[in-house]
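TrEMBL annotations:
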- 1-20: region 'Disordered' (REGION)
- 20-249: domain 'HpcH/HpaI aldolase/citrate lyase' (DOMAIN)
- Arg77, Glu143: substrate binding site (BINDING)
- Glu143, Asp170: Mg(2+) binding site (BINDING)
Amino acid sequence: MTDSGTVVQPRSRLRRSELSTPATSMRMIAKAAGSNADLVFLDLEDSVAPSEKVAARSNVGAALNELDWSGKTRACRVNGVQTQWCHGDIIDVVTTAGENLDVIIIPKVRYPRDIWFADDLLTQLEASLGLAPGRIGLEVLIEETEALSCVEQIAAASPRLEALILGVGDLSASQGMRTSHIGGSDSGAHAYPGDRWHYARNRMIVAARAHGIDAIDGPFAGIGDPEGYRREASWATGLGAVGKWCIHPSQIEIANQVFAPTSEEIETAEGVIAAMAEAEAQGQGAAKHNGMMVDIASVRIHEAVLDRADLCGLRKC
């Protein structure tokens, strides 16, 4: 429940791939709507010049209302709450297309109060426009050192909050990293001996999981390096992230593959759960499956695999 009393039900959305699309280009927006991305967000922030930000809002409304989104999650990244545009972004987009908008993405949050601002504004708009209370969710970018330092409090800030996203580009600047590669590793004088994003990525994922929301890995600027994108996505899913940003359509299929269980993983999970059910029926607390000892903790791990497979539509009922 929000501070205003609005009840918001938890939502499960497929977020393997979140495709960024500048709100200034209706041609690119139309292509994004026809893509295989799970979520498409129309961007009013970094990809839009200051002189074009207000005008771009009308493209967002038109696209949400007129295009066929084929079941995708429809989102808009507004400008940060510290800017002169955020208030108008939210009001204009929700007033124009609130019935066809699923999620608003808030960039550059620093403290929980930034989420409270967006939550309260959305609550007022939903009431005044006759929209279902709490129908518009929030995702926020963790891309400032202040946000990373209080990410646990941010993750608990609002029932509308559905996901945290690791914003590696701005976080690099905020932390003072000497890097020229957004979302990957550098070689040469400033190379880091390991994964420079492990700490931030893991801390954000733990905070998200602790509060029942999704964790999304951030952008990878090397659009000509698909294996680098796959590597970063694999590291992220290994820690518990459920998806990754795509800044180019060529990254969508990689994300959709990496963040979905394989047929082998599904088969193993079903086998482990069946083996434990048989063991428990015989009064045993553990079982052997394919040469491995499994117990109730194994069941928890593999139930999560099957839940993920069901969300991805990979199992027959």
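Going from the start of the chain as shown, residues are counted 1 onward.
For all residues, glycine too, the Cβ spot is worked out from N, Cα and C.
In the three-state DSSP scheme, Glu143 (substrate binding site) falls into the coil class. The binding-site residues in question are Glu143, Asp170, and the one with the fewest Cβ neighbours inside 10 Å is Asp170. Comparing Arg77 (substrate binding site) with Asp170 (Mg(2+) binding site), their Cα atoms are 15 Å apart once rounded. On the backbone, the CA of Glu143 (substrate binding site) and the CA of Asp170 (Mg(2+) binding site) stand 5 Å apart. Neighbour count (other Cβ atoms within 10 Å of the Cβ, all protein chains): 27 for Arg77 (substrate binding site). Across the domain 'HpcH/HpaI aldolase/citrate lyase' (20-249), mean pLDDT in this model comes to 96.
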